[in-house]
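Asker: Pasting in a structure now, in C-alpha cells, and then I'll have a few things to ask.
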Amino acid sequence: MAGGARHPSRDTDMSNITLRLQYLLWILGGLLTFLGLANVMPGYESIPRIGPFAFEWYRPLFFLICVAIAIVFDWQRLLRAGRRLPLWRIALDLVALAVTAYCCVRYYQVGVEMVRSIVFFDSLDAAVALAAVAVATLLCWRLWGASIAIIGLLGLLYLSTGEYWPGMLKTSGSNLIDGLAENLWFGADNGLMGGIFGIILSTVLPFIILGAVLEGCGAGDSMIRISFSLMHRFRGGPAYAAILASGMFGTVSGSAVANVVGTGVVTIPMIRKRGFSGNFAGALEATASAGGQILPPIMGAAALVMADYVGVTYLTIIIAVLIPALAYYASLFLAVYFEARKLGVEASETEAADPITRQDWINLLLIVAPLALIVVLLVQGVSPAGASISAIFALLPMSFINPQMRRQPQRLLTALAEGGITVARLSIAIAIVGIIVATLSATGIPTKFAVLLAGASQYSLLAALGITALGCIVLGMGMPTLPAYIAIVTVMGPTLQAFGLETLTAHMFVFFFGVASVITPPVAIAAFAAASISQGSPMKTALVSTRIAAMIFLIPFAFVYNPLMLTVAEAGAEFSVGAYAWMLLQLVIALYLAASALSRFDQRALSPIQSLVRLALAITLLSPFSLPSLFAAVAGIALLVQHRYKRLNPVEAVA
C-alpha cells in the first residue's frame, strides 16, 4: 500500500514540473515575440520605430533564446509523454546552452570587429563554429527528426573534406579554419545565422505570430462550424467542410502536420461518420492541409521567402500561384464528389450540425479582416512585414468581439507566446538548412548538378523536370515545408534555370513538389499524422493521398509548359483574354477527367480502359501541344456527354 501510495504524489510532482516548464516556455516565447516584432515594426504616427537592430548582437541573442526554447520544449514533451527526464540529459542540455551562450558572445565580438576592419579567423573560431553546429544539429534531431540533421551533417562532412573527393565532387582546396568559421557561424550571408536566418527574422516571423494569434483568438471553432453547417446537406458534406477549413488554416499555419493535428481531430471523425473509410478521411485531411502551403494570401510564409529569393514582389507571388492553387483544391472537391457517388453517400437533411450563431459570423471577421488588410496593404506597396504587423495590431483589439476572449483575455498573451515558440522551433531547422546552403554555395554543387542532370536527361526539359521532381520529393521527405523549399531550391533551382526556365517558374515548380513530399510515400509525414487520428493504415493513407492529390504532381508540369497558368509576366506569361479563357477551359476539363479517372467513377463505375483514356486526355489537355490539346478537349467533352447520355438511356436499365 505504502509503495502504491507514492505514485499519485509522483504524478503530481511531474504535473507541477510540466506546468512550470510551460510557464517558462511562455516567458521565453513572449520575449522572442517582443524582440522579433520590435525589430521589424514600422514606424507609426503615435509609435516610434524601435528597430532594425544591429545584426551583430540581435542575431546571436535571438539564436540563444531559440536554443533555450528548444531545450525546454524537448523536456516538456518528454514529461508529457510519461517518460523520465534523466539527470544526464539535463546536464548535457545545460552544457549545450552554456556553450551556445559563449558562441553567441564570440559572434558578437567578431561581428563588432568585422564592422571596423578585416577579421582573420583562428582555430578557436573554427571550434566555436563546430560547437554551435553540434548544438543546433542535436536540437534539430530532437525537434524535427533525423532527416534534416543528417543532411546537415553530410553537408558539413563535404565542406570539410571536399578536396579529397573523386571526380566532379572534388572541390578546390581552401583554408579549412576560415572555411568552417565563416561558412558555418560567423558569415553574415552563410551558415547557421546567415541570410536565410535573416529572412526568417525580418519577414517570416510576423506572419507566424499573426497565424498564432489567429488560432488563439477563437475564430477557428466558428469557421469549422460554419463550414460544416454550409456543407452538410451536400454529398460528402463533412469532407467538403474539411477542405475549406483545412485550406484556410493551412495557409496561415505554415505546417501541414500541425494543421492536420489541429483540424483533423474535428473533421476526420465527421468524414468517417458520413460513410467514408478511415484511409480516405485521413488522406483528405492530409492533402487539404498540405495544400494550404500553396494557397494565397500567406502560403504558410513560403511566399515571403520565395519573393526574396526570386527578386519579385510578394503580390507577384500570390497572383502567380492563385490559379494552380485553386485548381488543386478544385481537384480535391471533385475527388470527394466522385468518392461519395461511388460509395453511395447521399446528401443529408437531418444530420446533426452545430447550429451557426450570429457570433460565429462575427468571429469569422477575425480571420477574413486581417487577411484582407494584408492584401490591401500589399497592393498599396507596404512591405510584407509591415502589412503583417499592421494586421496583428488590428487583430489584437478586434479579437475581443469574441466573448471567449473577453472572458479569458490572457489567451492573447498565450497566443503571442506560442507564436514565439513556433518561430524558435522553425529557426532551429532553418539554421541547419543554412549549413546545407553554405555547403552548396561554397562547393559549387548546384552548378555541377546542373551539368550532371543535363547529361542524364540528354538535354530534354521533360526528363530534367521528371528527375528534378523526384529529387524534390526525396530531399523534402520528413522536412517542414519552408526548410524543405529552401534546401531543395538551392540545389534544383539553378538546374531548371539552366534549361531556360524563368526564375519564378523554376522556384514554383520546386516548391510544389516540396509541398507534395509531405503526402508522398514512403515518408508522408502529413498522411501519417492523419492516419493516427483516422485509425487507418499509415501507408494506405499515404497512397490514397497521392491519388486524391494527383493534380499537385501534374500542375507544375502544366505551368512550366504553359506559363499563362501563372498569369504574371515574370513567369514568361504573355496575357491575352482569349488565350487565358482557353487555358482555363482546358484546366476545368482536365480536372474533371483526371478526378473521375483516378476515382474510377463518374455517373457510374468506369472500367480500367475508360479510366486510362480519361487520364490520357487530361494529361494531353495540360500539354504544350495546341492541336492535340484541342482534340483532347473535344474528345473529352464528347466522352462526358456520351457517358451521361448512356446513364440516362432506359435501354441500359433494362439490360
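One is the number of the first residue shown, and numbering goes on along the chain from there.
Any Cβ shown, glycine's included, is placed from N, Cα and C.
Predicted automatically and left uncurated, TrEMBL annotations should be read as such.
Given the structure is predicted, the values throughout are model-derived calculations rather than measurements.
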Asker: Identify the transmembrane segment range according to TrEMBL, selecting from 192-218, 462-488.
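Answerer: Going through 192-218, 462-488 one by one, TrEMBL flags 192-218 as transmembrane segment.
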Asker: Honestly, do the transmembrane segment (192-218) and the transmembrane segment (239-261) touch, with at least three Cβ pairs under 8 Å and pairs 6 or more apart in sequence?
Answerer: yes
Asker: Do any residues, 6 or more residues outside the transmembrane segment (581-601), come within under 8 Å Cβ-to-Cβ of it, and if so which ones?
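Answerer: For the transmembrane segment (581-601), the sequence-distant neighbours (Cβ-Cβ under 8 Å, at least 6 residues beyond its ends) are 323, 327, 330-331, 334-335, 337-339, 341-342, 547-548, 550-551, 554, 558, 562, 564-565, 608, 610-615, 617-619, 621-622, 629, 632-633, 636-637, 639-640.
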Asker: Are the transmembrane segment (385-402) and the transmembrane segment (21-41) close enough that 3 or more Cβ pairs fall under 8 Å, when only pairs 6 or more apart in sequence count?
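Answerer: They are in contact.
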Asker: By Cβ distance under 8 Å, which residues at least 6 away from the ends of the transmembrane segment (57-75) in the same chain are close to it?
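Answerer: Residues 21, 24-25, 28-29, 31-32, 35-36, 39, 85, 90, 93, 96-97, 100-101, 103-105, 107-108, 111, 135-136, 139, 142-143, 192-193, 197-198, 201, 420-421, 423-425, 427-428, 431.
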Asker: With Cβ-Cβ distances below 8 Å as the criterion, list the same-chain residues six or more beyond the ends of the transmembrane segment (613-641) that contact it, or say none.
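Answerer: For the transmembrane segment (613-641), the list is 554-555, 557-558, 561-562, 585-587, 589-594, 596-598, 602, 606.
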